[in-house]
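Each remark here refers to the structure printed beneath this line.
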Amino acid sequence: MVRMEAAGAALAVALLACMVGAGADGSDHRYKEGDRVPLYANKVGPFHNPSETYRYYDLPFCAPEHPKDKREALGEVLNGDRLVDAPYELNFKEDTNSKTLCKKTLSKEQVAKLRDAVAKDYYFQMYYDDLPLWGFLGKLDRNKEHGGGKCLLFKHIHFDIMYNNDRVIEINVQTDPNVAVDITEDKEVPVEFSYSVTWKKTDIPFEKRMEKYSKSSSMPQHLEIHWFSIINSCVTVLLLTGFLATILMRVLKNDFIKYSHEDESLEDQEETGWKYIHGDVFRFPQQKSLFAAIIGSGSQLLALAIFIFLLAIVGVFYPYNRGALFTALVVIYALTSGIAGYTATSFYLQLEGTNWVRNLILTGCLFCGPLFLTFSFLNTVAIAYSATAALPFGTIIVIILIWALVTSPLLVLGGIAGKNSNTEFQAPCRTTKYPREIPQMPWYRSTIPQMAMAGFLPFSAIYIELYYIFASIWGHKIYTIYSILFIVFIILIIVTAFVTVALTYFQLAVEDHKWWWR
């Protein structure tokens, strides 16, 4: 067990090191004139669907004689990056006017493949000294009066590179529509691919070279929207605070006064309200093993979110730090599994559960099980379409080893610690032997409408930030304002807690004592 824990800890430390340096190739990013600067081709895909990406050489581009795949960190592979040597030679501070990359004759099949890619607005992505660059493969020329337009493939690329002393600061790609080849018809097409390079000096320091990629999300008009989101969320919190204060100070006070007067003539009064279910409120919920497992998994995911936010705020997830977020998610989820084991087991035993081992297994499978099934389906689809989202077999083995050597042992240790905590459930009042009958409720007090009501206010507090998050996941936006996101996350927790307190009170006030699951 000790050896297994040591191996798991070593694996986790190695992955954390990869996370902080994800995307780096081990160089210090300093070059002398004429030095080779690493350039890797990454992937191609339709511009309007960033989730759909393929290997760069799946299309008939010019390739080196022996292209080598770059050794990638776990997060890079999970991110769908598949870096391979690019054929362009962009040596440090060496201008190139127009250099032939290769001459080839495209077959009918290759022409059809490229035409389909151009029609779908395919773009390519590369990394030059860990700086990302993009460009389109071609364009559809629809401005023709006759013939329905042409499909043009760009055959010349121009690289504009900026440097500061011995460091690369910025790179941009330009394609010239006037230097293109017509691939509209299904026929063999001879083509000569070429490129040119221009180096320019800049005063931008190396430490600020990534700022251009995060400017879009921190522009004044976007910041105004984010601050509007926070103000909107704060107003929601203030309204809820006032609402809850009203309940606690007025309604509960009136209830206490009413019940104290009724104590003298209880036999003549019909029992109503939350006071009369005190013997049922702390009756343990049904399916308490599943209930405790959900509490444990939720505690782990909450801890995971907090750790991710802390890393984001200190600047680990700067734009295009390839795979850092995915590596962090995997490693921190593995290391926080002890929280799930401890919380679930201790709470399960408080609910007088007997089979804590089965509860621990359920806790371990509750999140990972559905995640594995979803991954298996999506990975199968990705393999069928040869997409870069398909994980290689070696990466799957690494993830399984992390689960076996880190996640599972820590889950078991947490469960054992929870079992030995010997915490008893301290109910403030005795539970009656037989449950009180719940009065018939109107439809809007049933579980589903209450869930919708409980979810509306938290959603209204975060929906603006959700838009930007989804735009970065399924679009080309970059989300970098983690401090604002963390503030909204705290507000979300507060709003959720307040809504829970309010709706639980209303539920108990109508003598519905089955509040645990809600």
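Glycine is treated like the rest: Cβ placed from N, Cα and C.
Here is what TrEMBL records for this protein:
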type: SIGNAL; residues: 1-26; note: signal peptide
type: TRANSMEM; residues: 225-248; note: transmembrane segment
type: TRANSMEM; residues: 290-318; note: transmembrane segment
type: TRANSMEM; residues: 324-349; note: transmembrane segment
type: TRANSMEM; residues: 361-385; note: transmembrane segment
type: TRANSMEM; residues: 391-413; note: transmembrane segment
type: TRANSMEM; residues: 451-475; note: transmembrane segment
type: TRANSMEM; residues: 481-508; note: transmembrane segment
* Asked: By Cβ distance under 8 Å, which residues at least 6 away from the ends of the transmembrane segment (290-318) in the same chain are close to it?
  -> 19-20, 210, 214, 324-325, 328-329, 332-333, 336-337, 339-345, 347-348, 351, 353, 359, 362-363, 366-367, 480, 482-483, 485-486, 489, 516-517
* Asked: Between 225-248, 324-349, 361-385, 391-413, 451-475, who has the most Cβ pairs under 8 Å to the transmembrane segment (481-508)?
  -> 225-248
* Asked: With pairs closer than 6 in sequence left out, are the transmembrane segment (451-475) and the transmembrane segment (324-349) joined by 3 or more CB pairs under 8 Å?
  -> no
* Asked: Between 225-248, 361-385, 391-413, who has the most Cβ pairs under 8 Å to the transmembrane segment (451-475)?
  -> 225-248
* Positions whose Cβ lies under 8 angstroms from the transmembrane segment (361-385), at least six residues beyond its ends -> 289-290, 292-294, 296-297, 300-301, 337, 340-341, 344-345, 391, 403, 407-408, 411, 415
